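All remarks here apply to the structure that follows.
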Amino acid sequence: MLAAIGVVLILKQIPHAIGYDIDYEGDMGFFQKDRENTFSEILTAFYRFTPGAIILFTVALVLILIWEKFKLHEKFIIHGSLVAIVTGVLLNEMFRIFELGIVVSGEHLIQPIQLNGALDLFLDDYSPNFSQWKNQTIYFIAIKLCLVMSLETLLNLDAIEKIDPQRRIVSKNRELVAQGTGNLCSAILGGLPITSVIIRSSANLHAGARTRFSSFLHGLLILVSVILIPVWIAKIPLASLAAVLLVVGYKLTDYKILQTQYKKGMDQFLPFISTLVGIVFTDILVGIGIGCLFSVFFIMRRNILNPYQFNKKEMAYGVEVKIDLSEDVSFLNKSSMLYKLDKVPDNAHLIIDGSRSKYIDPDVLEIIEDFKIVARSRNIKLEIIDVTSSYEKIQNKPLDLVLQQDYQKLFDNNRIWVEEKLSKDPDYFKNLALGQTPQYLLISCSDSRLSVNEMTGTSAGELFVHRNIANLVIDTDMNLMSVLQYSVEVLKVKHIVVCGHYDCGGVKTAIDGKYHGLIDAWLRHIKQVYRMNRKELSGILDENEKHERLVELNVREQVYNLCMTTIVQNAWSRGNDLQLHGWVYDLKQGKILDLNIDIDKDFRDYDIFRYQFETH
């Protein structure tokens, strides 16, 4: 949604930037009241441009860019957008005073605010007209306003949380209660409806706002400005305002977001791009509705195509087939389940595991029940784990029995694994007991989704492994330091790898701003990584992309921490060709990314941590 609003903002500002102001500023819909649309308006504007507006837009845009490039707002406190607007007003006044013939006026300025008689008008409509209580249109409009404004506020809150540098979570209930209370008071006083909009919220945030008071102050400044300086507000050129809004739109729209969504696959990309296109070619609410329809389609498609995982293995005792049912198995999966059951070979061992399922449709349960008879006739050893209705899962399955089954399954798996290994190599375990000569020390995250031997294609005895939350290298961690010393000085490993992974819970937790207890002391080291790279990370708008970059930076910093240890430096001083590496594992693709960390080049700023060792 942020990207789409950014695109709309940019497109809508182009006509105002060149002085074609037939459509009112702030129109976010594709179809306009002047019978044009967003794109036809741009084409028309290039034939009816205003030179003075182009000059004012260019000056304002250059001022904003210079202000942000050199961070002048930190030196002068004043934000670049305000400087651009004031400069636009003064420059246009110079055009008028010196009669240069390029002054912009009339419809090219913010329309004057008429306050004459406003108080009398307000007093006339001070209280609601209760005589209209039988008017059905009133109720229809009220319900529509309630739904539209509530949805817009919720979407705005979700969007603003993503671009907040501190990643604070807003109470949605509190915001809706406040908005409802405000609308009630506004209606009683004859005021207009109140809602939250992303343009004002993001502008407030980009201006450096950090507290709730900033929103109140923002509104107060608008009120005071309207009352005290309406004449000067009416002198603001729309071209200068367009420069401000264009920059806001650019900040909301980042091409890297498009790349990130595309890399996630069509299931993520198509709902994203459909929402963007829908908002651009209709309006915000309709566009979001279009995106929701695409999302529902892909959810249903995923549910139909992936109701289970089907794994077939050749074991020492024959063929083993395991069907792991997904979280939700609906009636739509009935035909595919019948097809897969029919493909199970005769004399096989079939395991149907429903332990992960929260809901299994009765039609699917009936198919599995009927297959018990088929299994006996085809000599299939059928093992069914926790395949029941959702009600039976809750009511008829004692918790201790479920836990015991899960625990016992580990020993069953071990037995099968031993049989499989011995069938391929009768001396496998005898050779394994002779000792270990690993070439690699792998320091990875404790995440259960990382199977280090499996993802690297190595066997038992080839990797020496240490795991902790978020793969941190901390010199006060005696556990890690003992592993490091033993692997370098006793096992004589040739490579040390720090392996992080995307979607790391430890990294996410470190920057969510919440209190988590004891683990906060451990994750403080990741906060330090964020602090050292704040400038780079703050420039990344997409939340997922920012998290992935922090994962990479964290891995790099842990490699540097290895370089600081006397264990590693002592090994280097003795001529040990010990190599350090930084990896990131992509859970969604299963691939390992080598960060190619150049120790000699990148560690140059850490000379203070280098030690001198005596050579013997």
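Glycine is treated like the rest: Cβ placed from N, Cα and C.
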Suppose you had to name the range TrEMBL annotates as transmembrane segment; which of 176-199, 488-511 would you pick?
176-199
Should the transmembrane segment (137-155) and the transmembrane segment (269-300) be scored as in contact, given a threshold of at least 3 Cβ pairs under 8 Å and pairs 6 or more apart?
yes
Recorded stretches the transmembrane segment (76-95) and the transmembrane segment (269-300) touching, at least 3 CB pairs under 8 Å:
no
Sort out for me which stretch, of 45-67, 176-199, 269-300, has the most Cβ pairs below 8 angstroms to the transmembrane segment (219-248).
45-67
Count the other Cβ atoms sitting within 10 Å of the Cβ of C445 (Zn(2+) binding site), across every protein chain shown.
25
The transmembrane segment (269-300): which same-chain residues, six or more beyond its ends, come within Cβ distance under 8 Å?
1, 3-5, 7-8, 11, 28-30, 38, 148, 151-152, 155, 258, 261-262, 332
Using DSSP reduced to three states, classify C445 (Zn(2+) binding site) as helix, strand or coil.
strand
Near-site residues: Zn(2+), ref C445, D447, H501, C504, CB cutoff 8 A to centroid:
S444, S446, R449, L450, A470, N471, G500, Y502, D503, G505, G506, V507, V551, Y585, L587
